[in-house]
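Record features (Swiss-Prot):
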ACT_SITE  ASP126  active site
ACT_SITE  ASP144  active site
TRANSMEM  9-29  transmembrane segment
TRANSMEM  45-65  transmembrane segment
TRANSMEM  71-91  transmembrane segment
TRANSMEM  100-120  transmembrane segment
TRANSMEM  135-155  transmembrane segment
Amino acid sequence: MAKTLSKPASGALAPWLGISLIVILFDQLSKIAILKTFAYGAQHALTSFFNLVLVYNRGAAFGFLSTASGWQRWAFTALGVGATLVICFLLKRHGHQRLFSVSLALILGGALGNVIDRLVYGHVIDFLDFHLGAWHFPAFNLADSAITIGAVLLIYDELRRVRGSR
């Protein structure tokens, strides 16, 4: 008898999109709070190694291409929209793989959080500033955190899957 693959239920995307929406909600609310509280460039030390700041990132991670002429806003927006389409396809197809899907949902929420910033403000709002003495890690936001956590979980899931197939 031949094995057949059954399609996931039509609602298979719902829980994963729910996670993405929660990420977007927390990301956007945190950015609104920072925008209402801080002037551009202002910083408030919370601990000896952590500040809240308000900076604008017109580029990508770590300010990559932030000094370009403006084309990067639309390029990174298009990249975020493209990633959204690919991730939704993967979630629809592999929604039964929980860790894989949670990983993608976090990445999706983070990507869309930053796409919203680019469309609304023309740049991404960053405000989390970790530092050690005078050395500062580049400021980031909750969307970036979700993308990073999702990427780490994705790598972990893949390593686990590879080890399981041996």
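Every residue, even glycine, has its Cβ placed from backbone N, Cα and C.
Here the C-alpha separation of ASP126 (active site) and ASP144 (active site) works out to 9 Å. For the transmembrane segment (71-91), the residues of the chain that approach it from at least six positions outside its boundaries are 12-13, 16-17, 58-60, 65, 100-101, 104-105, 107-108, 111-112, 114-115, 118-119, 122-123, judged by C-beta separation under 8 angstroms.
Over all protein chains present, the Cβ of ASP126 (active site) has 22 other Cβ atoms lying within 10 Å.
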